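Working notes for the structure below.
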Amino acid sequence: MLCFPRAWEAGFGAGPRLWAGPGRGRGPGPAGCERGEQGRHGIRSAGRWLVSAMAPRCWRWWYWTAWPRTRPPPAGCTLSVRQQFSTQEQMPQICVVGSGPAGFYTAQHLLKHHPRAHVDIFEKQLVPFGLVRFGVAPDHPEVKNVINTFTQTAHSDRCAFHGNVVVGRDVTVPELREAYHAVVLSYGAEDHQALGIPGEELPGVFSARAFVGWYNGLPENRELAPDLSCDTAVILGQGNVALDVARILLTPPEHLEKTDITEAALGVLRQSRVKTVWIVGRRGPLQVAFTIKELREMIQLPGTRPILDPADFLGLQDRIKEVPRPRKRLTELLLRTATEKPGAEEAARQASASRTWGLRFFRSPQQVLPSPDGRQVAGIRLAVTRLEGVGDTTRAVPTGDVEDLPCGLVLSSVGYKSRPIDHSVPFDPKLGVIPNMEGRVVDVPGLYCSGWVKRGPTGVIATTMTDSFLTGQMLLQDLKAGLLPSGPRPGYVAIEALLSSRGVRPVSFSDWEKLDAEEVSRGQGTGKPREKLLDPQEMLRLLGR
């Protein structure tokens with residue numbers, strides 16, 4: 001966990017470098033850092049930094065563990081890091097595949113910590129930003145502010161964005177490795193975990209990933225058209241994505257009208273007849289994967305009331321005393337919601353609610369039940385479970401009992417999954433990741449990975465930032481140690497010729513900014529921040545292609 005992600009996010013952007021340690025306001029870096037003199041947090045001596053006793057503990061952990069051989073200065077003190085690289089060194093050409101948070105944070109770190117590096121970012125979509133654009137819920141606009149930082153990186157004269165290029169199809173990874181000194185795979189998790197149960201293919205069963213892509217304007221999901229004419233929806237999984245989906249299903253449409261949700265999705269939600277949403281997990285309250293912020297939003301959601309079974313929380317009060325504080329606070333909120341009588345004002349609010357949502361624990365999906373004509377989902381059969389083991393080894397095992405839960409919509413939110421990108425790249429299909437050591441792809445020198453394809457689909461944007469910075473540091477260590485190809489590499493010049501010969505026409509970041517301006521313009525008429533373009537062909541026509 002990064003100790004102060006906002007400070008790092010600012011410090012790694014283009015433009016003036018800022019220092020913002022824990023509990024401190026943002027401002028210029030420690031005195032003398034740029035000149036290599038004594039600063040508040042250390043003394044530069046013989047090309048190294050000696051960390052003073054005044055340095056923040058989390059700062060020391062970050063640098064001492066991430067850079068075992070060299071210890072660079074704090075954020076803002078970049079000159080000594082850059083001096084590690086010979087002035088005679090050729091300009092390293094680096095390629096990043098994927099323009100989501102992992103891709104942009106990796107590029108950002110490389111550009112900041114190497115004065116001559118050039119980074120090309122390849123993206124299969126015509127537009128950048130990955131899950132920040134297509135995964136973050138429309139009613140969480142503050143999370144999308146990170147796009148401002150990514151835009152600063154893209155505007156660097158040593159960075160270039162190339163959209164509409166599918167690596168593995170339009171150009172291969174070996175071709176990229178020939179053209180660049182290093183290649184970083186940061187293409188995320190483009191698939192979902194299947195349930196693997198009978199009836200999963202029935203109409204009315206969708207992955208949460210596809211549903212999120214539908215209301216967020218992901219081109220491949222624009223035709224999803226979920227039928228929301230039913231009374232009850234079931235979401236399988238108890239993570240933040242599950243709560244996002246439940247919240248969008250139950251939020252009054254007028255509360256979404258000023259967000260960047262697509263107009264097509266908003267039209268369907270206005271006609272929705274869904275009144276009850278069950279969020280099902282195979283384990284118990286102590287094992288939920290969502291965070292307290294998302295839970296609090298659900299509890300306070302206008303026009304809804306929560307349904308939690310107090311029996312699921314028996315004996316929990318004593319068991320939560322020893323759990324870590326974040327988990328303890330989350331469980332205490334669940335416990336209060338399930339067992340305490342609400343105050344008069346809250347009771348009145350819940351009494352007037354027209355919609356409900358509930359958490360069903362100790363239930364594992366066994367079969368999707370069809371309607372009598374077999375053409376639609378009519379319910380889901382759940383195996384009742386109990387827990388075995390303690391701590392991290394706790395697992396759910398079936399008791400032999402089952403129950404049927406009627407519903408007309410099933411959304412599977414049991415996890416995202418990465419895909420192999422190229423036959424030349426090692427891939428672990430069981431874990432859904434590229435085998436790697438600290439971001440270095442196993443047995444493939446010069447090839448790296450960051451983000452979800454490196455560690456699996458876990459964590460939030462700040463987690464991905466930390467992970468991507470570490471991959472960037474490993475790459476720079478290898479570059480300094482002479483482990484990457486020496487001599488010049490052609491970089492994008494060679495790839496551009498290949499793409500042109502194959503009829504592929506990439507789009508640039510300036511092209512994206514034209515599309516961005518069009519989206520913003522379309523949204524202004526209805527008071528939205530933007531109206532997203534959904535059709536790639538329309539995007540290309542707007543660019544004159």
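The chain as shown is numbered from 1 upward.
Glycine is treated like the rest: Cβ placed from N, Cα and C.
The region 'Disordered' annotation in TrEMBL covers 18-38.
Here TrEMBL flags 93-249 as domain 'FAD/NAD(P)-binding'.
Per TrEMBL, the feature FAD binding site maps to ALA102, GLU123, LEU131, VAL167, TRP452, GLY459, VAL460, ILE461. For GLY459 (FAD binding site), the same-chain residues lying six or more positions away in sequence with a CB closer than 8 A to its CB are ASP467.
Look at TrEMBL and you will find GLN238, GLY239, ASN240, VAL241, ARG282, ARG283, GLU294, GLY459 tagged as NADP(+) binding site.
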Which one of these binding-site residues, GLN238, ASN240, has the sparsest Cβ neighbourhood, judged by other Cβ atoms within 10 angstroms?
ASN240
Which one of these binding-site residues has the most other Cβ atoms within 10 Å of its own Cβ: ALA102, VAL460?
ALA102
Name the residue among the binding-site residues VAL241, ARG282 whose Cβ has the smallest number of other Cβ atoms within 10 Å.
ARG282
